[in-house]
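**Student:** The following feature annotations were taken from TrEMBL:
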TRANSMEM  36-56  transmembrane segment
DOMAIN    66-177  domain 'Phosphatidic acid phosphatase type 2/haloperoxidase'
TRANSMEM  135-156  transmembrane segment
TRANSMEM  162-180  transmembrane segment
Amino acid sequence: MKHRFLSAGPGFPDDGLYAGVTRLAHHTSAAVDSGISMWSEYGLGLFATLMIIAWWRARAAGRPQLPVLALPAVVVLAFLASDVVKSWVSEQRPCQVLPVTPLDPCPPLGDWSFPSNHAVIAAAAAVALWSVDRLLGWIAAPAALLMAASRVWIGAHYPHDALAGLLAGAILGALLTHAAKQVAARYAFDRAPQRGPVR
């Protein structure tokens, strides 16, 4: 049974903020809007690229590679968890219930809004990258914030959708990455040659 307490329509505290951001987007230069829209659409590819770089850097430095190889699984699991919550909450998109014209076409009915999957994926990827490579984490963290903000800018999400997505993604990313490291450490221990007792 779906929980629909967020699907009735207008009335969120950040309705005005969402509407203000949407209006601002229409009064910003076309070049800026186009760049934000493209980032919102394709920016998640950056995190995949950073994961490949993380693997290469770990391999080149002789660091354990299993935690890095687990990063895509961490992100996929975070996305699946987010999608379950999204279907359960069933919050309509703000562009479907508020009198606004979003920068990008509004997603269809049934494409729920809370939380922002893009924000969840970006935050989970950023935290996971931070845990294995600080340098790449410094790149991924602001990129995740920009991804979440872009989803509001183009009109696809309320601000609370983006913030909840960042928080959920960060928590899931941290927990899942920790679990992946534990599994990797156990695997490495089991594979290590066992020495006999010292005589």
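Quick reminder: no glycine exception, Cβ is built from N, Cα and C everywhere.
A TrEMBL annotation is a machine prediction, not a hand-curated record.
Looking at the shown structure, what environment does each listed feature sit in?
**Tutor:** DSSP places the residues of the domain 'Phosphatidic acid phosphatase type 2/haloperoxidase' (66-177) in helix, strand and coil in these numbers: 82 helix, 0 strand, 30 coil.
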**Student:** Could you tell me the mean pLDDT over the domain 'Phosphatidic acid phosphatase type 2/haloperoxidase' (66-177), as a whole number?
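**Tutor:** The answer is 94, the mean pLDDT of the model over that range.
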